[in-house]
């Protein structure tokens with residue numbers, strides 16, 4: 001396990017923004033009183049993405065009812081009252097930023113009767129209405145595995161639905177909240193395809209939490225069997241000493257090997273690298289998949 005006081009490897013250095021775009025994105029988020037997972041989860045790509053005019057909106061408030069040990073998002077037994085104007089504000093912000101690819105994620109809301117599914121679907125529809133030419137990716141919670149709630153989000157017609165297994169099967173009970181589950185997450189991904197066989201699906205793994213190489217490959221096989229189209233693999237970076245410790249730093253070469261292995265399994269797209277996250281360059285992932293499907 002790396003010494004937490006030691007410098008990180010050179011490949012984990014984050015570049016600072018170079019243009020005024022970062023500030024412009026920040027101003028729009030503040031103007032419309034919105035949350036982003038980029039800030040709430042201390043994403044290492046925030047500078048690069050905002051500098052490029054990309055961001056991931058976080059809906060349903062900023063308090064998660066689950067407490068995964070790797071995550072720095074504020075958590076508690078209940079979140080804030082739902083803001084019925086949030087879908088329209090989100091869509092207005094996306095329009096002002098002239099986004100062609102809009103990524104939406106959320107906290108878990110186990111305190112709500114529908115776990116936030118209706119509000120989430122309303123956010124997707126609002127973006128589709130105000131930006132009919134934009135693509136929308138929804139990074140969803142598990143909605144406790146309820147198919148009727150998942151259907152609400154699928155029926156809002158996002159272009160991609162992502163749901164993350166986060167880590168390998170062995171570590172899932174230790175790293176994720178007890179209400180989450182490795183196999184439940186796989187079932188959610190399968191259920192998306194049951195509701196709409198043509199929906200693109202995506203999932204993500206964070207590496208360096210203590211997993212073995214064979215376990216990563218087993219997880220990739222599980223995702224392939226769940227008919228997932230896009231997989232992302234990234235380095236887990238401990239937000240603070242309160243979160244799960246980093247067990248190792250995965251070298252860029254190993255990420256490249258895992259990406260090649262994933263492609264050999266038949267995924268339509270595999271993104272792997274130290275800073276790769278579910279929404280990292282998500283628009284590029286989508287364009288690549290669509291382009292490849294048209295050439296097939």
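Positions of Cβ are set from backbone N, Cα and C atoms, glycine also.
Taking the Cβ of residue 279 ([4Fe-4S] cluster 1 binding site) as centre and 10 Å as the limit, one finds 27 other Cβ atoms among all the protein chains shown. In the three-state DSSP classification, residue 279 ([4Fe-4S] cluster 1 binding site) falls within coil. Marked as [4Fe-4S] cluster 1 binding site by Swiss-Prot: 38, 43, 49, 279.
Positions annotated as domain 'Radical SAM core' by Swiss-Prot: 50-268.
The secondary structure of residue 64 ([4Fe-4S] cluster 2 binding site), as reduced to three states from DSSP, is extended strand. For residue 64 ([4Fe-4S] cluster 2 binding site), the count of additional Cβ atoms within 10 Å of its Cβ stands at 24 [all protein chains shown]. The annotation [4Fe-4S] cluster 2 binding site is assigned in Swiss-Prot to 64, 68, 71.
Residue 68 ([4Fe-4S] cluster 2 binding site) and residue 279 ([4Fe-4S] cluster 1 binding site) have their C-alpha atoms 19 Å apart, to the nearest angstrom.
Annotated [4Fe-4S] cluster 2 site 64, 68, 71; additional same-chain residues within 8 Å of its Cβ mean position, judged by their own Cβ, are 66, 67, 70, 72, 73, 75, 107, 108, 177. Here the Cβ of residue 68 ([4Fe-4S] cluster 2 binding site) has 21 other Cβ atoms within 10 Å, regardless of which shown protein chain they belong to. Of all Cβ atoms in the protein chains displayed, 22 besides its own lie within 10 Å of the Cβ of residue 71 ([4Fe-4S] cluster 2 binding site).
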